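**Student:** Please see the structure below; I have some questions.
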Amino acid sequence: QHSIILLLPFSLARASDSCDAMPKQEGRSCIASIDPISFPAETLDPFLFCVYHKDDYPAGDGKLQAPRQGNGADFNASAPYRMYHGDRVPGFPQHPHRGFETITATLEGVIDHADSHGNSGRYGGGDLQWMTAGSGVQHSEMFPLVYTEQPNRCRFFQIWLNLPAAGKFSKPAFVMHWNEEVPRYHEAGATVTVWAGELGDKKGLPPPPDSWASNPDSDLAVWHIRLEPAGTLIIPAAKGGASTNRAVYVVEGTAGVSGKQVPRLNRVVLRAEQAVELRNTHSEATELLLLQGRPIGEPVAKHGPFVMNTQQEIQQAFSDYRRTQ
């Protein structure tokens, strides 16, 4: 079990239009590269990084606590679960952010959230939280062991999405999209959870107003793709064509990507101007994360919880944080 730092409006395409079936554009495959997911793995602009959390917490003690105490920085990838920065309840106690967005997309388990703007609550099991940190916010994200009679598996993605310079001091914003509201597209043994972007008649719910995703030219999409055995999916060419960045991350099972078998914990960078076929020829389901968007194309300066354009702005962020404590 691992916690891996990995780090689309579309029109539908016919299977015959996938890069397996059609002539390669200028002799090029729709696959630009395949590489193992490192720690941290690389992501493409406008994304900063993504973490795939997969923790098999045991049954809780009635106080939401794990059996062992954290050490302040528990990221042991070979352990069944991690405490992260938590003490007895795993997770990330209060910490600041400025200059970017977080997209927290849950698959299993629950997360307790609280922030400095008065938002708090518990979500999980398919819910999506989208937070624009903008000019600055403090929040906590904890993973309580709510079940006392069964294990507390926790699986989710947290995706960091950059903001352009014009949005780095925007008003912080926070939206929740509940599981039953999140659009899902079904095709030939494939289920696509459309957290952002669109596929067929399924369109992601609105992001915060100052999000990069709110820019109609961003061509941004975040999908969770699940392929059952023998399942297939055609990912259409992006509307932004070659100017859009696109990659898929195989996080569970083995996926056929344009005819190439790609095992778990590998990233495939795709040429977004071409459609691509995904196929599962194995006996177990496979899961992938798709990240796509037109690059912001600005300098990135980052340190800890802050992402700005210059080191001077990073220093100012730390100064502002200390001043307001």
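Cβ atoms here come from the backbone N, Cα and C positions, even for glycine.
Nobody curates TrEMBL annotations by hand; they come from automatic prediction.
Got these off TrEMBL a minute ago, pasting:
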SIGNAL    1-15  signal peptide
DOMAIN    81-161  domain 'Pirin N-terminal'
BINDING   H95, H97, H139, E141  Fe cation binding site
DOMAIN    223-324  domain 'Pirin C-terminal'
**Student:** Non-local Cβ contacts of E141 (Fe cation binding site) (under 8 Å, 6 or more apart, same chain)?
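**Tutor:** The list for E141 (Fe cation binding site) reads G91, F92, T104, I111, D112, H113, given in order along the sequence.
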**Student:** Roughly where does the domain 'Pirin C-terminal' (223-324) sit in mean pLDDT, to the nearest integer?
**Tutor:** 97
**Student:** Long-range same-chain neighbours of H139 (Fe cation binding site), Cβ under 8 Å, sequence gap at least 6?
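**Tutor:** The answer is Q94, H95, H97, H113, A114, D115, S116, M131.
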**Student:** Among the binding-site residues listed here, H95, H97, whose Cβ has the fewest other Cβ atoms inside 10 Å?
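**Tutor:** Counting other Cβ atoms within 10 Å of each of the binding-site residues H95, H97, the minimum falls on H95.
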**Student:** Give me the DSSP three-state residue breakdown of the domain 'Pirin C-terminal' (223-324), ordered helix, strand, coil.
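**Tutor:** Residue counts for the domain 'Pirin C-terminal' (223-324) by secondary structure: 16 helix, 48 strand, 38 coil.
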**Student:** Within the same chain, and leaving aside H95, H97, H139, E141, name every residue whose CB is within 8 angstroms of the centroid of the CB atoms belonging to the recorded Fe cation site, in sequence order.
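**Tutor:** The surrounding set, listed in chain order, is F92, Q94, P96, T102, D115, V137, Q138, S140, P305.
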**Student:** DSSP on H97 (Fe cation binding site), three-state: which is it?
**Tutor:** strand
**Student:** Once the DSSP letters are reduced so that anything not helix or strand counts as coil, what is E141 (Fe cation binding site)?
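**Tutor:** Its secondary structure by DSSP: strand.
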